2 protein chains.
Amino acid sequence: MTDFAATKALFHLPEGMIYLDGNSLGPLPKTTAARVAQCVTDEWGEKLITGWNKAGWMAQPTALGDRVGRLIGAEPGHVVLGDTLSIKVYQALAAAVDLMPDRRVILTDSGNFPSDIYMAEGLIKSLDRGFELRVVAPEDVAANLTDEVAVLMLTQVDYRTGRLHDMAALTAAAHGVGAVIVWDLAHTAGALPVDVAGCQADFAVGCTYKYLNAGPGAPAFIYVAPRHVAGCQPALSGWLGHEAPFAFDLDYRPGPAIERMRVGTPPVLQMAALDAAMVIWDQVNMQALRAASIALSERFIKGVEATCPMLTLASPRDPAQRGSQVSFHFENGYAAMQACIARDVVGDFRAPDIMRFGITPLFIDAADIDRAVAVIAEVMDGRLWDTPAYMQKAAVT
Amino acid sequence: MTDFAATKALFHLPEGMIYLDGNSLGPLPKTTAARVAQCVTDEWGEKLITGWNKAGWMAQPTALGDRVGRLIGAEPGHVVLGDTLSIKVYQALAAAVDLMPDRRVILTDSGNFPSDIYMAEGLIKSLDRGFELRVVAPEDVAANLTDEVAVLMLTQVDYRTGRLHDMAALTAAAHGVGAVIVWDLAHTAGALPVDVAGCQADFAVGCTYKYLNAGPGAPAFIYVAPRHVAGCQPALSGWLGHEAPFAFDLDYRPGPAIERMRVGTPPVLQMAALDAAMVIWDQVNMQALRAASIALSERFIKGVEATCPMLTLASPRDPAQRGSQVSFHFENGYAAMQACIARDVVGDFRAPDIMRFGITPLFIDAADIDRAVAVIAEVMDGRLWDTPAYMQKAAVT
């Protein structure tokens, strides 16, 4: 599907709102409520325990894995859904360091999402084997790839600036020093086309509540390259990752392939919401989406820069180096974003001074961009952000 | 609330079905569909990203924690919801072994749920510090408590037989040898009253999709005793367990108390379903529930034993040593259970020969028990299980 006027009609958006925060929590597809209601009333209510087989609950994590996998260029059968992104980061990283018994450095960058770094800290502490988490600036990653590095762990798109790492180049560079790579695709999946198989990424993880529109608390995903999966001994070895969960053996034997990255009971209601969202995504051409995202982003940057001299572009100017968001620096960014939100242009703020706007062609069009620019210009030009209420509120999301 | 005729009216049960499997997946409360629909349509659809504050999504895991905590005797502020039970087992066990740096034995019993044992195996492998998982028979636990034991990890109610461990006695015995204890309350929470605070349990975990009726994939819970929580360094150190998640610091600092056992984004739709179920549970008197459970269980055992000589009681005969389920041995138990299910009496089967029936007074009454007994007797007496279809099917749930 390349007709994004058609996809826009598939989403519920509050009347009058321009929602430029689909990179934080995607909006509600119109069919989701009915799909979730069906899951609750017909599947759970009527099928009860038999839903695990008769409603396909048990197979959902891998069935949905293939559908999400298409968006990131994964081979079928190598993505599974479940848990949260932080848990999936932990699983990928634990498996990755296990592949590299003689090295002790986990390299990442300061643009990584903090939870990824926290999970790495926790893993390192548990392992207690002298691992070092080395955090460098995003632009210094390649230069810090040495033969000490066991794992390069990166989030492809910086959650503040939208700066985009070159997946193929950095994967090749990591492999060049004998390291393995873990990609966090939180701001990539559904934002731009990538090809984890083509660039031979080792592990990838991501979430589905942002661009994929699967709702608050939607499950995360994990990809393991086919060449690694048989050798991965899961650190979080739960029963649904067992070769035969219902044999109830007392010894863990990992499942045949990506199934071993399952842990516990999947969140069936959240999976139903993801299913509804994927009905839309199944039809989306990612190249067309990327073209639309760039066109809208360029239009937005041009508009804001023409009207808001107080705002400084924080995102890369080159669209090839940018994900699907546009960010600006402004010292009173929190207050300014509150003023925009009060006028139904919804983006969000990231400390210390980032005003962040998600560009999501499935439901945002050129007219929305133009109206957003006009509202932002009005807020900035009129100093409408400069009120006690906006200035004093603490940022909480 | 002690009027279980009134609670029965609060559940949707398929017409004509006697559902004795609420210990595997509880049935649907009648208000859940509307509560989940409200979450999807009003909270997500209308509030979008502001739902984290305006709809209370961020506070749900601890707010629901207090409500679940009441059922297990936890102090307010010491239970949090999230993730799956396997993940919560891992967190509790990792924190527990951390408290005992000089000991290397994790003691458990062969009646523990296999996933708990698998998660322990995974943790031991990650730690790689010479930990030993010692698995003994349930009746031999106390005798194996020595000063080598760092952690005693037990599921209170055996998922096959319903055998109930004495929480107060085993907790005291563990403490007597200087060990800490992790209780899995999967088949306890909502099944019988326990008092984790009163018996000074160190850690407890459990799920909410069984007796608590929160639906397939509902979140798990974890309790950490007040005396331990400040010293726990979470192994799964995710951003929502951080002291200040939205400061986006690059260093992990654990949250003030039980919040540190949060990991990633909570499953908001599943939390809404749990909220609806807890509206019922908030009113339940656990002592009255236990009395009703024992009365129904005794009636069921008496009825089956009077009519089904081929079935042998697998559960303890003394109700004080039994959870809220009744199990029987029968060599063709899988086929017999299929025959019962075909006649709308739904229990489940656990290998090698266990027919398991959950006794859940919230929605099962004496008339249901009598009808179930009559159907089971008809199946057994008429050898209705002895058909190729029932005999050949493999057990999958």
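Every residue, even glycine, has its Cβ placed from backbone N, Cα and C.
Because TrEMBL annotations are produced automatically, they should be read as predictions rather than curated entries.
When the candidates A:W44, A:W239 are compared with the pyridoxal 5'-phosphate site entry in TrEMBL, which names A:L85, A:S86, A:F113, A:P114, A:S115, A:D116, A:T155, A:D184, A:H187, A:Y209, A:T265, the shared residue is A:W239. The binding residues for pyridoxal 5'-phosphate are recorded as A:L85, A:S86, A:F113, A:P114, A:S115, A:D116, A:T155, A:D184, A:H187, A:Y209, A:W239, A:T265; their greatest pairwise CA distance is 30 Å. According to DSSP, A:S115 (pyridoxal 5'-phosphate binding site) sits within a helical segment. Comparing A:L85 (pyridoxal 5'-phosphate binding site) with A:K210 (N6-(pyridoxal phosphate)lysine), their Cα atoms are 12 Å apart once rounded. Secondary structure at A:W239 (pyridoxal 5'-phosphate binding site), as computed by DSSP, is helix. Among the recorded positions A:L85, A:S115, A:T155, A:H187, A:K210, A:W239, the ones with a Cβ under 8 Å from a Cβ of chain B are A:L85, A:S115, A:W239. Under DSSP, A:T155 (pyridoxal 5'-phosphate binding site) is assigned to a strand (E or B) in the three-state scheme. Taking the C-alpha positions, the distance from A:F113 (pyridoxal 5'-phosphate binding site) to A:K210 (N6-(pyridoxal phosphate)lysine) comes to 14 Å. In the three-state DSSP assignment, the secondary structure recorded for A:H187 (pyridoxal 5'-phosphate binding site) is coil.
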